[in-house]
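Below are the features listed in Swiss-Prot for this protein:
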type	residues	note
ACT_SITE	H108	active site
BINDING	F25, G26, S27, Q28, S51, S53, G134	NADP(+) binding site
BINDING	D191, E227, E231	Mg(2+) 2 binding site
BINDING	D191, E195	Mg(2+) 1 binding site
BINDING	S252	substrate binding site
DOMAIN	2-182	domain 'KARI N-terminal Rossmann'
DOMAIN	183-328	domain 'KARI C-terminal knotted'
Amino acid sequence: MVEIYYDDDANLDNLADRKVAVIGFGSQGHAHALNLRDSGVDVRVGLPETSTSRAKAEEQGLRVVTPAEASAEADIIMILTPDTTHRKIYAESIAPHLTPGKALAFGHGFNIRYGLIEPPAGVDVFMVAPKGPGHLVRRVFVEGKGVPVLVAVEADATGKALDIALAYAKGIGGTRAGALRTTFTEETETDLFGEQAVLCGGASALVQAGFETLVEAGYTPEVAYFECLHELKLIVDLMYEGGISQMRYSISDTAEYGDVTRGPRVITPAVKAEMRKILDEIQDGTFAREWVAEDDAGRATFTKLVEEGKQHPIEQVGGKLRPMMSWIAKD
């Protein structure tokens, strides 16, 4: 069973004499920095002088310096920029200041898991990964609650890495809900698999295939959109709130019978075997090497595939239908 830590298991005193640098001020960066500050932690935000986020951070009363200056000052350096930027930021701004006794922290394990960043000996390496977007991490913190987090320690040079990680988790509100102990490997591999096979890749492909099946059979694209994309949120919300069983309890008997008898015909053993292949590529580094090479080469294939996806008929149909829905229509 997983170890779960709560407020009583974490002590903010472990951050009392430590300066924290949050590198980045995006979704997670702004939440971490503001929550830590409100928890009494000495925090600064590291952003390039050309960053448009500098003004946003300063407006929130945060001290903003360059990533290099933040890394030089801080005892704990948390990197919260996109994965593909980590290597450059680390090499140019962090590594020169990563002296023994400091801690390097991450919100996702990708670069450590695949050896893209190799911290020196004498440095603690830990991860605190909220299981929710930054705006939620900030909002519930202000409400006196918290979002669950994953906590992992990759290197414990000081013998205090877990204590520091838990203190950090408490500082952003994570231990109010619970901090689940994991590893960089487990967090990275399961996160990538979930994105690729279920949450993003799997769900997107399933929705498109269902839409195509109905339209090719002669049904109107607008009705197909409602049945295969729009109503997905209704089902996912039920699953999110109470699990699959609660979702099945909440739908009609006809829908439930179709679920339990036809669902396995869609997600067949062959589909599950393909999921296993995807997991294998994550575990053996194939996906990471492919993605890093694609990013380094300028993302031509990636961009092409994304643009092709935008041309799918379901996008045009949705663009026409969503303005009908006042609760989701955008200005």
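Cβ atoms here come from the backbone N, Cα and C positions, even for glycine.
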Taking the Cβ of Q28 (NADP(+) binding site) as reference, which residues of that chain separated by at least 6 in sequence fall under 8 Å from it?
L80, G107, P130, P133, G134, V137
According to DSSP, folded down to helix, strand and coil, what is G134 (NADP(+) binding site)?
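Where G134 (NADP(+) binding site) sits, the three-state DSSP reduction gives helix.
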Please tell me which one of the recorded positions listed here (H108, D191, S252) sits closest to S51 (NADP(+) binding site), measuring Cα to Cα?
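Among H108, D191, S252, H108.
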Across the whole of the domain 'KARI N-terminal Rossmann' (2-182), what does the mean pLDDT come to? Round it, please.
98
Give the number of CB atoms, excluding that of G26 (NADP(+) binding site) itself, located within 10 Å of its CB.
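G26 (NADP(+) binding site): 12 neighbouring Cβ atoms within 10 Å.
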Taking Cα atoms as reference points, which of the binding-site residues F25, G26, D191, E195 is nearest to the residue listed as 'active site'?
D191
Just jot down the residues in the same chain as E195 (Mg(2+) 1 binding site), at least 6 apart in sequence, with C-beta under 8 A of its C-beta; none if empty.
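For E195 (Mg(2+) 1 binding site), the qualifying residues are G201.
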Could you tally the C-beta atoms, other than its own, that fall within 10 angstroms of the C-beta of S53 (NADP(+) binding site)?
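Total other Cβ atoms inside 10 Å, all chains included: 16.
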Which site among D191, E227, E231 has the most other CB atoms no more than 10 Å from its CB, taking these as binding-site residues?
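Neighbour-count leader: D191.
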Which residues, sitting 6 or more apart from S27 (NADP(+) binding site) on the same chain, put a CB under 8 Å from its CB?
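Spatial neighbours, sequence-distant, of S27 (NADP(+) binding site): P133, G134, H135.
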